[in-house]
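Encoded as structure tokens, the structure appears first; notes follow it.
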Ligand SMILES: *Cc1c(COP(=O)(O)O)cnc(C)c1O
């Protein structure tokens, strides 16, 4: 049953209530390996379901355009203070609706349409909003894109430097959605300094690892830090922009009134709760366990002959190139889902297949670590993944259904926040 319980929803709208219960059960029964997903705590869920959603509060604490902010102001101040303390930054804005609007605010703050911007290409592991062609950021700005080396699967900082010197971007984004290796923030900072660009560290995927001390921090290197709050940070769907004092007011003006109207106060409250949780010793242990699990899972997959982009992982994420297995990422992901193992198909760098039918799968350990799985379970998980991929190739659905049963049996012993 969903936790906290949803009796009012279930009686007022049985159809929707059943769908919510079904999703809770599905999340309980699946090994969830999508690296951008997690399980938030019941406390975070409760905060998102409060009457704070009823309130309009355009502006910032102490400078609002609506009356009645006696409670909302302290809520937002609490979230801001906790963000500043947790990450050790001068400034935090907790209002961006999600990661993509947060990044859009960065462009609005520091660029004019047509300006040169630089980011990692989407098929190389970057994010759409880092200047990819189909995104507004790629259409309204002159975007130059860097990638990884074909032989190492890693970013070559000399290549990034050469490109930056030749193109002179105003803003440089580092970070992405499919980067299995540690991001060298000091090296990016040196390049940005050399060309006079604002360095933006988009830590959406790794914010929780940074907060927990399991990945180096960009603070002191990147002037601007953009992050979602719902990935490894384990908060509600939302985002934050953090910065040094110099870039603070441009960012604030870009978020409001530049881009958004009223902040989502229920989300702000839940972000505050998540930030409090992320400041605990338990969360530090969690962040390190996420990385230990990813390493163990990567090793077990390599032992079974899987080809990992860059050969392994330093963080929470693994990118597998299935080319040597003779199966595409999409049919593999579909079969794994039937086997109770949820991940996503993904482009690999220099992919020879099409983006909607690429060669790779992307997986990660944030959610299963929240459930309490440890390194001792990773060889078994790799075994299931391997067996399911082989079965997919031969169309053996019975094998997939058998694995799904074994997965359910294992997970019955691991509590899920949000489920009782
Ligand atoms: C997830 C992600 C985003 C976008 O976040 P949304 O909340 O999905 O808009 C931006 N940048 C990076 C690097 C991400 O991983």
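Quick reminder: no glycine exception, Cβ is built from N, Cα and C everywhere.
Database features (TrEMBL):
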{"type": "DOMAIN", "residues": "10-385", "note": "domain 'Serine hydroxymethyltransferase-like'"}
{"type": "BINDING", "residues": "122, 126, 127, 128", "note": "(6S)-5,6,7,8-tetrahydrofolate binding site"}
{"type": "SITE", "residues": "230", "note": "site 'Plays an important role in substrate specificity'"}
{"type": "MOD_RES", "residues": "231", "note": "N6-(pyridoxal phosphate)lysine"}
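Sequence features, as recorded in TrEMBL, placed on the structure.
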residue : record                                                  : DSSP class
122     : (6S)-5,6,7,8-tetrahydrofolate binding site              : helix
127     : (6S)-5,6,7,8-tetrahydrofolate binding site              : coil
230     : site 'Plays an important role in substrate specificity' : coil
Using a Cβ cut-off of under 6 Å to any atom of ligand 1, determine which of the recorded positions 122, 126, 127, 128, 230 qualify.
127
Looking only at Cβ atoms, how many others are within 10 Å of the one on the residue listed as 'N6-(pyridoxal phosphate)lysine'?
27
What is the set of residues, excluding 122, 126, 127, 128, whose C-beta falls within 8 angstroms of the centroid of the C-beta atoms at the (6S)-5,6,7,8-tetrahydrofolate site?
119, 120, 121, 129, 130, 131, 132, 135, 176, 177
Quick one, of the binding-site residues 122, 128, which Cβ has the fewest other Cβ within 10 Å?
128
Report, as a single number, how many Cβ atoms besides its own are within 10 Å of the Cβ of residue 230 (site 'Plays an important role in substrate specificity').
25
For the C-alpha pair, I'd like the distance in angstrom between residue 230 (site 'Plays an important role in substrate specificity') and residue 127 ((6S)-5,6,7,8-tetrahydrofolate binding site), rounded off.
16
Which residues does residue 126 ((6S)-5,6,7,8-tetrahydrofolate binding site) neighbour through Cβ under 8 Å, counting only same-chain ones at least six apart?
119, 120, 132, 145, 173, 176, 177
